[in-house]
Structures are given as C-alpha cells and as structure tokens.
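S.K.: The structure follows.
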Amino acid sequence: MSRVVADHTSSPSPVRDSVPFYDRREVAAEMSRADACISPTLGQLLKRVGDVRKEVTGDETPVHQVLDVSDTSSVEPRSLPFVLSFTHITYSVKVRRKVSLTNFFRRQPAADPDSGETLFSATKTILNDISGEARDGEIMAVMGASGSGKSTLIDALANRMAKGSLKGSISLNGEQLESRLLKVISAYVMQDDLLFPMLTVEETLMFAAEFRLPRTLSKSKKKLRVQALIDQLGLRNAAKTVIGDEGHRGVSGGERRRVSIGIDIIHDPILLFLDEPTSGLDSTSAFMVVKVLQRIAQSGSIVIMSIHQPSYRILGLLDRMIFLSRGHTVYSGPPSNLPVFFSDFGHPIPDNENRTEFALDLIRELEGSPGGTKSLVEFNKSWQALKRGNQMNSESPANILNLSLKEAISASISKGKLVSGATATNGANSPTSMVPTFANPSWIEMAVLSKRSFTNSRRMPELFGVRLGAVMVTGFILATMFWRLDNSPKGIQERLGFFAFAMSTTFYTCADALPVFLQERYIFMRETAYNAYRRSSYVLSHSLVSLPSLLFLSLAFAATTFWAVGLDGSFFFYFLIIFASFWAGSSFVTFLSGVVPHVMLGYTIVVAILAYFLLFSGFFINRDRIPPYWIWFHYISLVKYPYEAVLQNEFEDPVKCFVRGVQIFDNTPLGAVPNALKVKLLDSLSNSLGMKITSTTCVTTGADILQQQGITDLSKWSCLWVTVAWGFFFRILFYLSLLVGSKNKRR
C-alpha cells in the first residue's frame, strides 16, 4: 500500500538528534565511505546535515519532503548518487554578415563551405567544447558575464535545443539520456515567472499536483504534498494570496519565484534546471530561493542553475561552479578551489574580496585585452588535467557509476522520487519504460485544465462582461435600426442587409479571443515541454471551456434581435446558426492566436480576413456574378454559410408572399406615380402577358428571393453543419500549430 510521508510537524527523531554538526569536508569523507559499509544514503546524510544546520542557524524553512510510494514492509534500498556528465558541448548559430557595396568589391577571403559560412552569413560559436559533471545532493552554478553562454548551456543540458544544432554528449550515470526520459525525470524553471494571475499560491501548486501526481494518489495525499511544499518554500503566509499581475496586487517577486520553482518540483524530479532563479530579487529573497534549492538537492536531486553574481551567503550554498567567457570554460570546480586556482594563475584573490566578484571582474578585464581569455582557458585545461591526475593517484576509484541508470532510477522511485506514476518494476527493460510519459490519462488532464481555466476566468468577470456588453449593444443597435421590418420590396432589401451585418458581426465579436491564448502561450509551452499534460488535452479543454460563454452570447444576441426586427422562420434555428457562427469564429481566431505571436498583428489579420469573408459571402455580389478566379474564396468564406442559412430560414415558407401587384413598381422610377396609375399599368401588363395580375396577386415568394440571391446549392441544415464543421476544422489546425510551433526549443 502506497503512503505519503508529508508530516512537517513531527518531532525530531533520536537519530537526528545524535548527529553532530558536519562541515563540508566531513560530509565528503562520509560520502566516500558510503560504498564500504552499510551507511546512510547520500540524500539521508545531506538531509541530516541540513536539519542540524537549520537548528543551529535558526532557519525556519522546513526540509524537503518526499512522497514515499514504496511498500512499507520492504527493506529500504540503498540509493547511489546520480551523476550527470556532459562532454564537448558545442553550439553554433548562423548570423548575417553586413555587406555593403564597398566591402563587396574589396578582396575578401573565400567562404569556407565546410563550416557553413557563405558570403552573406557567418557562424558564431555560442558554446565551445564545454565539459563537466553534476551530482545529486549538490548545486552546480553556471556563471559568467552577460552573453557568456550561461542560459544556452542550461538549455543544452535540459534538451531545449533543436536536433542538429547541438554537438557533444550528455549522459546520466554513463548512459545516454533519451529525450522522452529526460522530460519525465527533469524540470526546467524559466527566468520569467509565468503564472496565472488570479489563482492563489495554494491553488497554483494544487493544480500542478493534479497534473504531475498520478490519480492513484488520493486528493488528501496530494493536498498533504502541497502543504508540505508550501512550508518548504516559505510561502505559508502567502498561501491564500493571488499571484497578481500589473492590474491586481498579489505576492512579492521573491514569492512568485518560489512558486515558479514549486510547480516544477511538485513531483520531486531527479534533475532540476533553473535559468537565473535569483534575477530581479533582493539579496534576502535570493538567498531564500537558493536555500530552497539546497534543500531540494539534499533530497537526492541534481540542481543546475545559471546565476549572474551571487552574494557571499549564496556562494556558501553552492557546491560546483562553471565560469564561462564567450562560450569557453575558464573555471570548473568547487568554490573552495577558486583562491588556489587564481593564485596559481598569478592573480591571487585578496582576503577581503568576494571570490565570484573578483573572478568576474578579472574575466571581464581579460575579455577586453588583446589576447582575450585564451590564456585563462588554456590554464584551466592544464590545471584541471593536473588535478584529475592527483586525484587518481591519491584515491581509489569510486563505485558511483557501478549502478546502472535503470537501477538508480528504480532506487529513487522507491525513495519517493518521480512520483508522477512511476513504478520501480524489476522487469522493465529500460529506464524509459519505468516512467510513464504522462502522469494522468487525457480525461483527467482535461478536467483539471477546465477547472483551472474556469477558476481564473471567474475572478476576472470583467472580461466576459465586456464581451457580453459588446454583443448586447450591437444587438440593440440592430434591433432599433431594423425595427419591425415589413414584407415589402424595401423590407426584403433591409432584411438582406440585416442578415449580412448580423452574421459578420458575430465573427468580429470573436476577435477578443485572440489575446487569450497569446497570454497563456508561454505557460502552455512551459507546462507541455516537460509533459505536464498533452497538447490534445489542452485543445479539447480550451474548446469545452469556451462553449458556455458562446452559448450565452448567442442566446442574448438572438433574443435581442429576432422579435424586435420581426423575423420569420424558426427562432430555434436562428439561435443555432448564431451559436455555430460564434463557434466557427472563435475557432478561427483561436487558430490564428496559435500562429501569430503578437496581438496587434493578430488583430490586423483577423479584421482583414473577416472583411474578405464578408465580401465573398454572396451579399454584395451574387455567387453567379463572382469571377471564376475568385469563386474558390466564396466557398471558403465563413460568412457565406450562416448568411445563406438565415436567409433560407427567413424565406423558406412557400406560401408566404413578399411582393404583390403594384409592389413590383417599388424600387423603380415608377414607384412614385399614383396608385391608380399603377393599377392601369398592371392591367396593360396583364393584357401583354396574357395573364391577370391584380393588386393582390402574389408576384414574388420566398423561393423566388432565394433564387434571385443564388442560394440554391445547400439546405439551411447543411449550411449549419458546414459552419459547425469549420469550427472543428480550425480547432484541428490549432492543435497542429501547437504541435509544430510550440516546441520551446532553440534553433
């Protein structure tokens, strides 16, 4: 039976009380003896160290709590460390050369086709032969000046590079990391805090738990996990506060950053990548964030982050550092070796100087010199080679990598890691088969996504209110402008104008759906990049959530205009075709939001395309009069089908007459002559045609009007189903745009 261990209020155990205060050297010695005898695991040992330090320093942040999904009757397995190794990481991009006429005719060296350089483009190396390793229980910091390649290296290790653009190898415990496995066992925290503004801290973490933790865990266990994480992150006082944005006051910047970290560690990943987690924070908030990361590392995770310039306190929390300069490694090792390294290089660090500040200042100074940092890069290579040789001579080889990746992951699962549905099955053939791609089935993902969207929208009622107001105002104006239309020839023309404007308006009012996904785009990319949920679940949920509001808007518009204008036909069908129009228009705009990255550009495209749809709908020019080379646009016009449907609903009665006797002279120059003269003209016309036409004779029925408008190819129900089908078609295109265009990887 699986159980959750998340009681952060329990009293200290006797074992923990008896543990002395270790320093870093004692911890390292204990680690090296772990394979010689039965000893505490690395995660347990570091956890104890952190617990004792917490008691000594008065740190109120609770230790990292893990979910225990193992059988309580089984013997606790030994957990050997994970080691992430990366060798010869190289990343280059093509940049455009500046070509002028004077430079074009000058003698220039020939382009090298093997390197990919041409006369108009050159290759710029962002990362150049970067190697290193990171271990669980440690924090590795990637440092350097702006433009040195810090974020690029983090993206490379986190598999956020497009295939073919990155060279080198990345392995975990000596085995090549597959992309699918890496997505499941790792998490990536972006530099920007991408969160829903109207959700509270507790709700945000709870939704993350619903996505990441399997449905086999009960709701109460997930809540326990969230509450333990809130305490660990130091967010107890802000648990009920909304995240907030520019228009709504919410949590502070440091709290937002910790929430961003929390949603990615809810499932306790083995690998945690962070891009500038302390950016924009004050020193105290930054220290608290890194302290949280230390707790996470001590629970058995590998934490790799980029950081610009850590304070002295933060420096004491780091275990490994990599300094980069223009894509080259200028130092790799623990912070404690920095004084020896720079002293051997001939630039000793003063006693009262911050080590990282001194290192960064020296690197910047060398970058501005003629030789650059080449001397420091070469010295680092020789210094590291000498250090590795001394270690091999003085130490016996460690058995860290004796455990295969499969066995190590199995041990971690038994310890509570990767609780997103993972099972430590001995029969699994590969590490990838031990962990599912997604924690929950599609219907669970859709339910959670829908609930989150409804919760966020419910707290911003002004958005729907503005949309409803726009529809009601439009309906009111149309109702008063076309009040109680008659069945005269003028009334027919006015009905045609009303239907054309009303159907096109339903599409234009859907344009406000454009910024909805654009605001969520990067949240969606962050969550789907590491398999929080399926893209198909998001598309289906997005569609379902939009239906209630579209239904209400359709009913409001139909009720406002149908009886006020004096329309005939079925009100129910009139409501259905408006609802279908809103559905198709919303789907069309949603698809564009998945393709167009900017709101203003999206509005421009939406307005232009909808204008074209109206032009080719058949109102301004009949289908029979459209030039053959433009007829294809008539059939793909979204306005065509609802426009023809409402016309057929209005004029489908075969016995209803719209033009009688003398009304045939309306809308002609003879319309102004006296009625008696019109009767004489009818008699004369009757004699000429050989048929009797009186003032009450029906001349034009609804079928004649449809024939005149060229509406003869589809029935009204066929037009309704085609409109609905357009909506589904654009939703499918939206899904494909997300599948292709939201990979969240560098080129």
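Heads up, the Cβ atoms here are built off N, Cα and C, so glycines get one too.
All TrEMBL annotations are machine predictions without curation.
Quick caveat, the model's predicted, so the values are computed rather than measured.
Taken from TrEMBL, the feature domain 'ABC transporter' covers 99-351. The annotation transmembrane segment is assigned in TrEMBL to 464-485, 497-518, 539-565, 571-592, 599-621, 720-741.
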S.K.: At least three Cβ pairs under 8 Å linking the transmembrane segment (539-565) and the transmembrane segment (599-621), pairs spaced 6 or more in sequence?
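M.R.: Not in contact, no.
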S.K.: Which range out of 497-518, 599-621, 720-741 gives the transmembrane segment (571-592) the most CB pairs under 8 Å?
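M.R.: The stretch with the most contacts is 720-741.
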S.K.: Taking residues 6+ outside the transmembrane segment (497-518), which of them lie with a CB under 8 Å of any CB in it?
M.R.: 466-467, 470-471, 474, 478, 482, 485, 524, 542, 546, 553, 557, 561, 565, 578, 581-582, 584-586, 588-590, 592-594, 597-599, 602-603, 606-607, 610, 613-614, 617, 619, 638-639, 642-643, 646-647, 650
